[in-house]
Amino acid sequence: MIKLHDKIFKPYIKEEQILAAIDKMAKEIAADYKDETPLFVGVLNGAFMFVADFLKAYQHPCEVSFVRLSSYQGLTSTGIVETLLDVPDEVEGKSVIILEDVVDTGRTLKQLVHLFSNTNVKEFRIGTLFYKSDVYNGEYTIDYVGLEIPDHFIVGYGLDYNELGRNLREVYQLNQTDMINLVLFGKPGAGKGTQAGFLKEKYNLKHISTGDVFRYNIKNGTELGNLAKSYIDKGDLVPDEVTIDMLKAEVEKNPDAAGFIFDGFPRTAAQAEALDNFLESKDMKVNATIALEAEDDILVERLLERGKSSGRSDDQDESKIRNRFDEYNEKTAPLKAYYEKQGKFHSVNGIGEINEITKRLGKVIDSL
Ligand code: AMP
């Protein structure tokens with residue numbers, strides 16, 4: 001294990017594996033280009049070590065140059081890709097092969113393709129040492145791949161976490177075992193949102209409420225909001241596919257979170273399985289599912305009261321509220337057995353003073 005800034009990273013890909021992958025790439029590219037003189041363009045800063053080892057493995061005529069782009073800050077891609085060092089002069093008529101250290105969402109690639117779009121290159125190919133196929137948007141063909149990897153945050157071999165770690169000879173991945181990921185379970189009105197607000201402060205967790213994300217999208221008239229609105233207005237569940245994709249995107253936005261509180265997700269068996277698979281792909285897991293228990297009549301009263309001030313249409317009509325309970329009983333309640341089987345289900349009495357209930361939840365979390 002190594003520590004870079006505030007984070008712990010564990011060994012992930014050995015030097016020999018990296019060099020073998022580079023050797024394989026060099027052979028593949030040589031098969032296509034050894035009879036001409038391609039121009040390799042490394043993408044700084046991350047690819048400097050890769051390019052050096054690649055060129056040692058590629059012993060045929062070639063030229064080399066670099067562009068410099070920047071999009072990551074800390075563990076999060078900022079989404080804005082800046083060009084800090086532009087396309088080399090005299091690329092016209094040449095076969096250009098981009099050498100990237102890692103391709104994930106494809107945002108940097110977009111910028112690269114844009115950079116070369118006005119140059120009269122003979123051919124434009126893309127090679128990457130590491131390829132996160134799960135998150136790549138698939139916009140451009142990746143011609144040469146060293147190693148396919150899941151969506152882990154990695155450092156070493158040229159890649160950094162806030163500029164540290166570039167000189168490591170092997171690749172390390174973020175160690176997620178200290179994370180706490182909680183599912184807050186319970187019927188509408190059980191107090192999940194209120195309690196999540198306290199727990200996120202106490203345990204430094206990122207709170208994701210799928211209901212809140214939907215409402216935010218509805219308010220802003222996004223495509224997702226328009227799609228979800230008809231379901232939410234009736235008190236029905238939004239289709240799984242839409243909800244699962246949205247949840248994943250919310251998690252992806254917070255790669256440096258110390259853990260998550262999932263509030264209102266999962267609500268169906270398909271969502272629970274998708275969550276487990278998704279977290280596993282990121283070396284994460286659900287640590288506990290905590291249900292806030294309360295009787296229907298009390299919940300109806302609470303929700304109607306909330307509806308007076310929240311303006312939520314699904315809180316203002318008893319039949320819609322009862323429909324949400326039906327959805328819960330039919331689709332969500334069976335998840336209790338799913339989590340019990342994993343030994344992760346905890347039940348907490350959701351009736352009483354708010355701070356008393358927070359204490360009950362804290363007891364469960366502290367015992368994990
Ligand atoms: P909530 O704020 O959690 O009560 O959610 C409000 C509404 O958003 C629900 O009644 C559903 O229509 C929709 N919704 C929220 N989370 C989910 C989910 N995990 N699956 C499907 N629909 C959801």
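From the backbone N, Cα and C atoms, a Cβ is placed for every residue, glycine too.
The model shown is predicted, which means the values in this text are computed figures rather than measured ones.
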Which listed span TrEMBL calls region 'NMP', if the choices are 149-178, 209-238, 239-268:
209-238
Out of Arg107, Arg125, Arg306, which does TrEMBL tie to the same ATP site as Gly189, Ala190, Gly191, Lys192, Gly193, Thr194, Gly352?
Arg306
According to TrEMBL, Thr210, Arg215, Asp236, Leu237, Val238, Gly264, Phe265, Pro266, Arg267, Gln271, Arg312 bind AMP; identify which of Arg68, Arg324, Arg360 is listed for that same site.
Arg324
Tertiary contacts of the region 'NMP' (209-238), as residues 6+ beyond its ends and Cβ separation under 8 Å:
192-193, 196, 246-247, 250, 262-265, 267-268, 312-314, 320-321, 323-324, 327, 331
I'd like to verify something. Among the binding-site residues Ala190, Lys192, Gly193, Thr194, Arg306, Gly352, which ones have a C-beta closer than 6 angstroms to some atom of ligand 1?
none
State, in Å as a whole number, the widest CA to CA span among the AMP-binding residues Thr210, Arg215, Asp236, Leu237, Val238, Gly264, Phe265, Pro266, Arg267, Gln271, Arg312, Arg324 given in the record.
24
How many other Cβ atoms are found within 10 Å of the Cβ atom of Arg306 (ATP binding site), counting all protein chains shown?
16
Could you round the CA separation between Gly189 (ATP binding site) and Phe265 (AMP binding site) to a whole angstrom and send it over?
15
Span of Gly189, Ala190, Gly191, Lys192, Gly193, Thr194, Arg306, Gly352 around ATP - largest C-alpha separation, Å:
17
Validating a neighbour-count step here. Other CB atoms within 10 A of the CB of Ala190 (ATP binding site): how many?
24
